[in-house]
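J.: Before anything else, here's the structure in question.
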Amino acid sequence: MGSRKDQDSYYRRAKQEGFAARSVYKLQEMDQRYGLLRQGMRVLDIGCHPGSWLQYAAGRVGPGGLVLGVDIQELAVDLPRWGRFIQADVLKLTPAEVLAVAPAFDVVLSDVAPRTTGVRHADEAASLAMLEAVFDLALAVLRPGGSFLAKVYFGPGVDQLIHQVKGRFKLGKGHKPAASKAASKEIYILGRELKNALPQVDTQTEG
Ligand SMILES: C[S@@+](CC[C@H](N)C(=O)[O-])C[C@H]1O[C@@H](n2cnc3c(N)ncnc32)[C@H](O)[C@@H]1O
């Protein structure tokens, strides 16, 4: 799993199936395993260039849904009419810019990855900063009951973030898909069923 040979075959398969990148098979596996995407859903995809996750998500949600991609780089694929794209830095993107496209999202995906420097702790810190920004954005744009899936390079602070995800979602966990390179430190953080943003006030009084 995740060997060089497997990676080459994922690459060839993506080309044959018309996907812009082999990373589509990581999303496909997690979607099949956790049932993330359905017809009619609104999906935000952060760090979407070249566009394979957007292509896949657009197919899953269909014409009754919406996919919105965000990346600092231009998109490399054509989107169907229910696809939108914002060219932006996720560290500066505001919830208002996202909510101008749709009032709330069912799923927030992020495959965003900083440009790696080779200095491990610097790359891990940059990845964690992006994950934190994506998590904050997700909490602001997801509907209650919505889902969150985001990549991070595993390092200091990630366990704490998983803990925070567990606090805000009914289920929170880390997952390493088979299509992820074995040598890569990346993992995906999953949050299922966002709890209501506001604490429930008990209006019942005894007696
Ligand atoms: C691994 S690629 C995503 C691949 C994509 N999921 C696909 O399947 O085609 C990571 C992306 O994160 C983007 N990225 C890096 N830093 C970013 C930032 N600060 N804001 C937005 N996008 C960023 C990069 O431009 C790159 O396209």
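Even glycines carry a Cβ here, placed using N, Cα and C.
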J.: Need a hand: TrEMBL gives Gly51, Trp53, Asp71, Asp111 for S-adenosyl-L-methionine, which of Asp89, Asp123 is also on that list?
T.: Asp89
J.: In sequence order, which same-chain residues at least six apart have a C-beta under 8 angstroms from Asp89 (S-adenosyl-L-methionine binding site)?
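T.: Those within reach of Asp89 (S-adenosyl-L-methionine binding site), by Cβ under 8 Å and sequence separation of 6 or more, are Ile72.
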J.: Where does Lys151 (active site, proton acceptor) sit by DSSP, helix, strand or coil?
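T.: Assignment for Lys151 (active site, proton acceptor) reads strand.
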J.: Would you mind pulling the DSSP three-state label for Asp89 (S-adenosyl-L-methionine binding site)?
T.: coil
J.: Below 8 Å Cβ to Cβ and six or more residues apart, same chain only. Which residues does that give for Trp53 (S-adenosyl-L-methionine binding site)?
T.: Ser23, Val24, Leu27, Asp45, Leu109, Asp111
J.: Considering only the recorded positions Gly51, Asp89, Lys151, which possess a Cβ situated under 6 angstroms from at least one atom of ligand 1?
T.: Gly51, Asp89
